[in-house]
Structure formats: structure tokens, C-alpha cells
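Asks: Quick one: the structure is below, and I'll ask about it shortly.
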Amino acid sequence: MKVDLSITAVKAREILDSRGNPTVEVEVVVNDEFVGRAAVPSGASTGMFEAVELRDGDKKRYMGKGVLKAVENVNEVIAPEIIGMNALNQVEIDRLMIELDGTENKSKLGANAILGVSLAVAKAAANALGLPLYQYIGGVNAKYLPVPMMNILNGGKHADNSVDLQEFMIMPVGAKSFSEALRMCAETFHQLRNVLKARGYNTTVGDEGGFAPNLKSNEEPLEVIVEAIEKAGYTPGKDIAIALDPATSELYNEEDGKYHFEREGKVRTKEEMVEFWVKLVEKYPIVSIEDGVAEEDWEGWKMLTEALGKKIQLVGDDLFVTNTKRLAKGIELGVANSILIKLNQIGTLTETLEAIEMANRAGYTAVVSHRSGETEDTTIADLVVAVNAGQIKTGAPSRTDRVAKYNQLLRIEEELGSIAVYPGMNAFFNLKKK
């Protein structure tokens, strides 16, 4: 017999994200008693195929970035339709919202409106059943803690400096538990501050908590990270590996089909891009590259996958935008070997879970990710454990909007106790082991 968890109230409001921009928060109440609350994140470098984040466009409020229309869509359009529905029927509720919107990219109601409701419904149901969210979504086998992909140095759109590539990250692949992994990252982060100071650089942090110093080249970040790993007492590659998100869609010029490294003053063809990555991977302990070529450069993706696809993780973010149609094309063409999962790129929990399932069936890894505009919401920490993804990307250990996710993962690891698994290098299950 199915438990009746009737949705009795739905309320949305405008709140602020970590960049001081408005975003949507939704509360869903079940049986007049159990509340689920979710806040929606927002990205800085967005893929052209992402679901649409509805903004008001009223320049007199928040420079046009208000979300009162999205809030109104929840309160006036979605709420009347889902009140009375059973919160356990997640797929049905998500599909109903997709139909109510009626567009391919959720531009009518806004992905920020739909996602807020979708996640709040799941949280309300979990609370009503007395289950942690990861267990409600993932069931009895949800036990894998993720390897953090921790952004500790920023360039590109996330920083005002001379580095074209957007994110330089560390992955504690040699740790034995999540708590140890987090400690290794934090220690390396603090050592990086010392390394940067010794070289005369500033140590202010960017949107995601990583340092954003005015480094001289695209390779210097890798040099200082290797030095920081060693100063923290770890072996680069064995204990802590490096991951990159160059966000090359931001560098790609569609007219000439080339990559313009404006800060470096170089233009590269797709062949030269692949060669650029191959050389860096040979020189540094890089285990993962996200968006190594642009979202529409399918030919470049094929070349990159042929060159490095068996050796390192190649993550599609702008390429796939958590979208099963885009992912299916990638699988068919044999490009990339991993997908970045961002809830707000697609806009419902159901579609997110479908994308993860499709990826896993094709032998692709899934990396659950934050956005650069975050809140104190920790849903992604529960999601990554729920689906046993094994990898999470949620910023540096230096801002509460990022640390909130790591702290939630510490709680989950403690709760799981002896059944918790930290995969380490096994998170890259589809690569040839050295």
C-alpha cells in the first residue's frame, strides 16, 4: 500500500545567492506537517543548450536579475496543479511541470522555478518518511562518498587575471575516507596560499573560493599547485591528482573554428588544442579535463577522446548540459567518457537521474557539480551519494556556500559508518589502470 503524502502547500520566494544575485527558494509542505526546502543555484559560464533561468529583466531591480516572475510561476501556476498530489510521485510531478511549461528549454516557467519545486518535493517526501535525502533518492545501496574535485585556483570567467583557463582543481585520490580526503585538500589549499604569497601574488578568492592571483601564464597555476601538494606532504599524482576545467567554449571562435587564448596572446586550431592537452597531461599529474574543447566542436571532441580518452577522464559539461539528448549523441559519436551533472542545467530531479543512469549504462562516469552562484542548500551532497557517482565538484574549502556541501558529506559519512565507501582512483572506473 502506498503511503499518502499529500502536498498541502507550495511557496516560493526570492532570496540571494553567493554572488549577491537573486535566486528562487521553494518550500513544499506535505500533510500540513513535513517541510522540504530547496534553493536553486546559478552559473557564470553557461552552456548554450542549458535550460533557461528566468530573470525579470527589470533594470530598476537587481540590475534586471530579479526572479519575481519565476517565484510567481511557482505560486500561481505550478502550486495549484500539484497541491493534492502525492509527494512520492516524483516522476509524475516533474513530468507535469515539464508539460505545464511546454517548451524545450523550460523558458516559459523557468528552470529555476521548476527545479526549486522538484527538489523541495523530494525533500518533503524524505522528511515525511524520516529518511535522509540520499537514502530516499538512492535506496539501501547509497553508500559511496565522492572524491572531491576541488577548485583551488581560478582564471577565465571566474577571475580577473592573466589566465585563460577557468579552473584548476585537486583530487585526493589516495585518501582512505572522505574526511581524510577533505583534510588533504584543505591542507593543500592552505599551502597554496603560502606558495602564492612567497611568489608575491595576492590571495583573494574567486566565486568558488579558489585563489585568483595574477599569474603569468596558463602553466604557472599547475606549477604552484604541484608545489603546494608537495609542501602539504603529499605526492602529486599518487596522493593528490590535478583536474582542469578550462571552459574552452568561452575561448572558441565559431567564425574561424579556432581557440583564442586572449590573455596568452595565442590562437590554436583544434589539432593544436589536442596537442596542448596531450603535452600538459604528460608533464603534470592531470587525471581529468572538463570541456577540453568547445561545446559545438564535435570533431575536436572526437580527436581529444581518441588522444586521451583511455588515459584520463574527459568530462562534458557545456557539451552535454545534463541533457539526455545531447548525451545520447555523445555516446553514439564516442566522445568524452564522463558527464558533469548540474541540476539547474536540466531543471528537474527526474531528468537529472535519467542523465546519470544513461551515462552509467554507457560506461561514462558522472561528476555531480555546484554552480558558481550557490546558496547554503546542500542537495548535491545527498545526490552524489544517492547515485553512487563517486565524484563531486563543489569549490574550495573557503566559503560557506561551498563548505556547506562538504560538511553535509562529513555527516553522511558518519551516518553510514562502516558501510561508507571512498572510491579513490576507482572513481575513474572506465580508465585503463596504470
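In case you wondered, yes, glycine gets a Cβ from its N, Cα and C as well.
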Asks: With GLN166, LYS342, ARG371, SER372 listed by Swiss-Prot as binding (2R)-2-phosphoglycerate, identify the candidate in LYS143, LYS197, LYS311, LYS393 belonging to that site.
Replies: LYS393
Asks: Based on Swiss-Prot, name the residue from GLU219, GLU272, GLU290 that is recorded for the same Mg(2+) site as ASP245, ASP317.
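Replies: The one candidate that Swiss-Prot places in that Mg(2+) site: GLU290.
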Asks: I need the most crowded of these binding-site residues: GLN166, SER372. Count other C-beta atoms within 10 angstroms of each C-beta and give me the top one.
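Replies: Counting Cβ neighbours within 10 Å, the top one is GLN166.
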Asks: Between LYS393 ((2R)-2-phosphoglycerate binding site) and ASP317 (Mg(2+) binding site), what is the CA-CA distance rounded to a whole number of Å?
Replies: 12
Asks: Given the recorded Mg(2+) site (ASP245, GLU290, ASP317), which additional residues of the same chain have their Cβ within 8 Å of the Cβ centre, ordered by sequence?
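Replies: Near the Mg(2+) site, the remaining chain residues are GLN166, GLU167, LEU244, PRO246, ALA247, ILE289, ASP291, VAL315, GLY316, ASP318, LEU340, LYS393.
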Asks: So how many other Cβ atoms are close to ASP245 (Mg(2+) binding site), meaning within 10 Å of its Cβ?
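Replies: Taking every protein chain into account, the count is 27.
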Asks: How many Å separate the Cα atoms of GLU208 (active site, proton donor) and GLU290 (Mg(2+) binding site)?
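Replies: One finds 16 Å between the Cα atoms of these residues.
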